[in-house]
Amino acid sequence: MFSWVKQEQGGRNKEGEMYQTVTEGLQTLYTKKLLPLEDTYLFHDFHSPALEAADFQSKPMVLLVGQYSTGKTTFIRYLLEHDFPGMRIGPEPTTDGFIAVMYGENEGVVPGNALVVDPKKPFRKLNAFGNSFLNRFICSQMPNQVLQSISIIDTPGILSGEKQRISRGKPRPQTHTTSCWFSSGSPVLRWFGERVLGFILLFDAHNWNISDEFSEIRVVLNKADQVGAGQLMRVYGALMWSLGKVIKHSRGGEGYLGSFWAKPLQRLFEAESQDLFRDIQSLPRNAALRKLNDLIKRARLAKVHAYIISYLKKEMPSLFGREKKKEELIMNLPEIYAHLQREHHISPGDFPNVAKMQDQLQHYDFSKFPSLKMKLIESVDKMLASKIAVLMAMIREEESKQPPAMVSGGAFEGSEDGPFGRGYGEGISAGADAEDWIVSRDKHRYDEIFYTLMPVNGKISGVNAKKEMTKSRLPNTVLGKIWRLADCDKDGMLDDEEFALAQHLIKVKLEGYELPLDLPEHLVPPTHRKDPTADTLYNHHED
């Protein structure tokens, strides 16, 4: 439990604010420190609606986007291992609206108009998009274990290459039509994008055209088992090349191969699927840190917005020439950004998009903007300087007291445990549940090599071992790690068992598996184990 003690003038302490959880601390900080600044300078009109309790307390959300018939709904069905209310699957465009798949004790569908008035759901601000959107927005509730940790947003199919059509002189209509809500640049998708913890963008291996509004995403190349290995690699390469043109970021999205339906998966698809599952499973673990990071970004933007609005107010004439001055200020907004950046030592990345801001400012009377109130700015600065650090400490404290939150149930149940988990009985794990020492199965071959290296008192020197180990052509850094793992008694020499272990580790590495940081118990040579029964088991196998 942490407390933040406020100082009154004169040095007296008020009763400290005490928070049980990070979520409670974030919500209180936003309401008391940041929201007053946002309200004063019309932040919600320009950038993002005010946050509510449900925005802090709701489960992490994952947004699925992609073209029609790429398997978005099927993917959700695969994760849940259960049909969900409102789902429709078919080769033609079937999902014609947004579906929020969430946990509920009773299975059923909540219409959009009812959903946006529920204070316990984080969708109240979607009411601003009106009936044309709400009539195509539902919440699918069901008592599924996966949904106890995350909520999943299913979306309608998105047409590809919209910007290309615009550049050919066919801009999409700006009216709020049904098709506008579901385009890749729609305000609805943007609203969800600002609030979800993860994106999953699905492609069909037969059609990998890309809409050009995506960034920082997980990319799933679905139905990948329907093409050959060579063709698959060409499709995957072409897809990532196309993404490189779309995602304007130094770090592109993660790419995964998969085939999410009830057919046997090849090893490649199974491995890629497990990587994606682990990525999704870890989302709740990062939820608190993500919300904290979003609050910091929002606070920085709110500060910059306050400086911009108050500067425009200060530059306006008191009586005549207001419209002309307004046009001049809007035109010179880039120079105003540069001036504020120098004056207040603000990073260029904290400023809002110039073109968008210029367009929005056209509709406001600058003379009615509020002047700069440093008390509000200082309150946010204090929050960023001291309160956020306390919340960071709380996150670490919460993580140390309880196991990390992970998605469970559905397709995640047992995906990493037991004999069917990825990598079980393979590579470094091979022989973990065997009674004998797995290295002994090939030790007769390793012994033949060992005795050609002129052992002295049953051991070979590092120089002689190096001559043999370098024949593997593994990098010296890898061979150095293998030497460290194999030299169990740390005497700088290898006996026959240690040499056999080194050869086994080389074999594991050459087969494409990773080496461990420490030698697993089942690979420790029998004569180097503390267990007195080890020699008996080893000798029994030799017999």
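Glycine residues also receive a Cβ, built from the backbone N, Cα and C atoms like all the rest.
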Region 'Disordered' according to TrEMBL, located in which of 313-333, 397-417, 523-543: 523-543
Residues in the domain 'EF-hand' (474-509) grouped by DSSP into helix, strand and remaining coil: 25 helix, 3 strand, 8 coil
Per-region confidence, the domain 'EH' (442-530) (mean pLDDT, whole number): 92
